[in-house]
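**Student:** Structure incoming, see below.
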Amino acid sequence: MTGHSCLPLIELLRAPRPDLGRTITTFVSCFNTTYGDPAKDHWDISIAEWERYEFLGDRVLNLIVAQALFTRKHSALTEGEMTRAISGIVSNHALDAIVRHLVDFEVFSRLIPPAIAGQNTYGERITGGAFEAFIGALYCEIGLDEVAFFINALLREPIDQASPEENTIGMLQEYFQKRFRAVPIYRETKREGPDHRPIFTFEVLFNNQVLGTGSGESIQKAEREAARAACRKLGLSLPDPVGTQPGDPGTS
């Protein structure tokens, strides 16, 4: 996947406003033309190789986001704060939310091997894994610079907004991972307003117990506000903390 066959894909990766759907479609076409069956409209790759790309893509994503957080000019974060921010920005849940917000899932599913797609298990882990595999393959074929430009444009909002005060999603995730080796889930409960400026409402749950609800002009903002409400309910340290410390949720 080199030379002129890659030029349309490189141009898409360099776009200041990334088009994830067109980028996926062009990538699948270029990859299959070079390595697989050009007639197939899904990524023609074995599960084993897909998992290898997923492994690599996870590391590439973490590197790119870590560098973006480290070098940004405002709100310098400590090592621990960057760790929590990264865990929130590139988690399977966060990637799934971004994918479903930016592209028709039928287009995105072209990145999922048929053997996995046939199981009809389009959970967050599969979506996140497919995105990571996609990034891993782009890194191998095109290089870090173009992939970093693409990721920084795609994840600009969560990267710019990451701060000790705003990283409520990472804080909440860390709380549950340490105590229960599990993470809370987020669920959209309402979407209102015009299509070009919707207001999202999300709730965060653990063991089917609602911990908090939040609204915002983007999925990320709504989830962050829901996490903030949950952190306050749990008595976790926030700029305006609630002094009470209720018992652990979902364990009674």
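Cβ atoms are placed via backbone N, Cα and C, with glycine included.
According to TrEMBL, the protein has these features:
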DOMAIN    50-143  domain 'RNase III'
DOMAIN    167-236  domain 'DRBM'
**Student:** Using DSSP, tally how many residues of the domain 'DRBM' (167-236) sit in helix, strand and coil.
**Tutor:** 29 helix, 24 strand, 17 coil
**Student:** Report the mean pLDDT of the predicted model across the domain 'RNase III' (50-143), rounded to a whole number.
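**Tutor:** Averaged over the domain 'RNase III' (50-143), the predicted model reaches a pLDDT of 89.
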